Amino acid sequence: MKTLTSQGIRTYGRLLQATKQYWPIFLIGVVGMIAVSLSDAGFTWLIKPIINRGFIARDLVFIRWLPFIIVLVFLFRGAANFLSTYFINRVARNIVMDFRRAIFSHLLRLPAEFYDRHSSGHLLSTVIYNVEQVAQASSDALIITLQASSLVVGLLVVMFLVSWKLTLFFLVITPLIAWVMRVCSARLRHLSTSVQKSVGEVTHIASEAIEAYKIVRLYGGQKYENEKFRHATKLNQQRELKVVVTNSVGTSLVQLLIAIPIAIVLFFATQPSFHVTAGSFASIVSAMIMMLRPVRRLTMVNSYIQKGIAAAESIFKLLDEDVEKDRGERHLVRARGAIEYQGVSFAYDNSKKTILSEISFSIEPGQMVAIVGRSGAGKSTLINLLPRFYDASTGVIKIDDINIKEFRLQELRNQFGLVSQHTTLFNDTILNNIAYGQAGSIDKRKIIEAARAAHAMEFIEQLPEGLDTVIGENGVRLSGGQRQRIAIARALFKNAPIHILDEATSSLDTHSERHIQAALDNLMDQCTTLVIAHRLSTIERADWIMVLEEGRLIEKGTHQQLLTLNGAYAELYRMQFAEKPAAMTALDE
């Protein structure tokens, strides 16, 4: 338990350290909270003279001033309460904003293998849910802790001033209260961590089903997804209820422990041998009863703090993840486009299986090279090593005769354009999607040229808002072919010296494909192009073709040379084109 507690203290200390820039604002809120507590405690002290001097002694001067005193006390309390609530919550919302920005910025710099290990649902849960838990720990918990504890201290001072003997009875149960809170604290921390994991699972299942809604419906997966979601939400509900039970039991025990000394005080105060004025008795009993609420709130704040610490631990764990290694110092404005692989092998971390083995080849600037092979042969992995989404396990990759690890990472990636069969677009305008990531002012004329070259202007001009049309999440408002043409226009606009085409025309109709292929041919004349090919008819004019099988480069040559070789490529070619005549025959019949 001590280890858990010390870890929690370190986490909370790191949380406070991360928010130290807001301490001046925070101190204003603290002063306001203390002022609120002092005014509440002061009002219980006023009960003694109100009864003794107002109702018993009938002090007319005191009675005359009493209404003004009460109004002033509550005016003071109202102003102090505004200061405390506003400034503490301002700090909390700033913390939420800062953490979300820090997490998002960090996520954009994490390596590809991190995303291989984590689902998007769990990451979204950290950004949204866990950060809010930290906000509660830094606002609600701090407000309650400081305000309630200062009120308890103020009430104890009032009780000592009124009757120190009666107050001692009350203090006897303090160690028991501390023990109950400590036991509840350990359990709440454990439960809070499990609740956050269950929320991440709920988010993951929901986001996955929403993104794949077409597949879910086409394959009748509604029942299966519903069962998964029901199970995840049930688990989350059970864990949340365990938190509620633990919190409620702890609060009830603390209230019971406080009620016992109140009963004892009432018993002794009413004994004839115990001399106490009516005002003193009313004041001390009022203080004791008033203390029930802040003590109850202090036991509840334990739940907030434990949730906040558990959430902060997950946030700091994410922020402590190593970002992509970028030790390169060479500048690379625009590459010529020469590419060389020298004995490159690759295996994922903690995996014994080799994905690529001893791959060697070189590409001259301006060449078009196709990569073919069966599914799982390593085609995509081979390409992913080039912009350093992954680093080769052994061997060297060069661009323009220089090891790619020597270049600054972003400058290296600026040399590539990508058009994939799995098109990625953003919930933004067509114009911003085409010009995505390009710094500086956007030249609309060049965007139109790129869109026209990609044959995208044909449908863009028919849209009411043209290039300013917002296309929805991943371009949901466009057809598959239209989305693909936007992606091609984006690559044309970037005009990078090296282009990666992953079956770039797969979503286009035959008419559009001819025009796009012509545009891509013009682009290939000016840059080096790597084509991951599934349809072999699209790569017959490649300068040369490499064939991968189980991570090894087994054949290399032009289309005609590989057909003459009558090896793996020729077999793939015959398989594809044997289907085409059969399909045409069926159509003729």
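A Cβ is built for glycine as well, from the same backbone N, Cα and C atoms used for every other residue.
Here's what Swiss-Prot has on this protein:
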- GLY373, ARG374, SER375, GLY376, ALA377, GLY378, LYS379, SER380: ATP binding site (BINDING)
- 27-307: domain 'ABC transmembrane type-1' (DOMAIN)
- 339-575: domain 'ABC transporter' (DOMAIN)
- 23-43: transmembrane segment (TRANSMEM)
- 60-80: transmembrane segment (TRANSMEM)
- 153-173: transmembrane segment (TRANSMEM)
- 249-269: transmembrane segment (TRANSMEM)
- 272-292: transmembrane segment (TRANSMEM)
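Overlay of Swiss-Prot annotations on the structure.
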residue : record           : Cβ contacts under 8 Å, 6 or more apart
GLY373  : ATP binding site : LYS379, VAL547, LEU548, GLU549, ALA568
ARG374  : ATP binding site : GLU549, LEU572
SER375  : ATP binding site : none
GLY376  : ATP binding site : GLU550
ALA377  : ATP binding site : LEU548, GLU549, GLU550, GLY551
GLY378  : ATP binding site : PHE346, ILE355, LEU356, LEU548, GLU550, GLY551
SER380  : ATP binding site : ASP502, ILE532
#### Entry: Same-chain residues at least 6 beyond the ends of the transmembrane segment (23-43) whose Cβ lies under 8 Å from its Cβ atoms
73-74, 76-77, 80-88, 90-91, 143, 146-148, 150-151, 153-155, 157-158, 287, 290
### Message
Let's check the environment of LYS379 (ATP binding site): how many other CB atoms sit within 10 Å of its CB?
### Response
23
### Environment of GLY373, ARG374, SER375, GLY376, ALA377, GLY378, LYS379, SER380, the listed ATP site - residues of the same chain whose CB lies within 8 A of the CB centroid
LEU548
### Message
Same chain only, please: residues at least 6 beyond the ends of the transmembrane segment (153-173) with a C-beta under 8 Å from a C-beta of the stretch. Say none if there are none.
### Response
37-38, 40-42, 44-45, 48, 257-258, 260-262, 264-265, 268-269, 276, 280, 283-284, 287-288, 290-291, 294
#### Entry: DSSP-derived class (H/G/I helix, E/B strand, else coil) of GLY373 (ATP binding site)
strand
### Per DSSP, three-state class assigned to GLY378 (ATP binding site)
coil
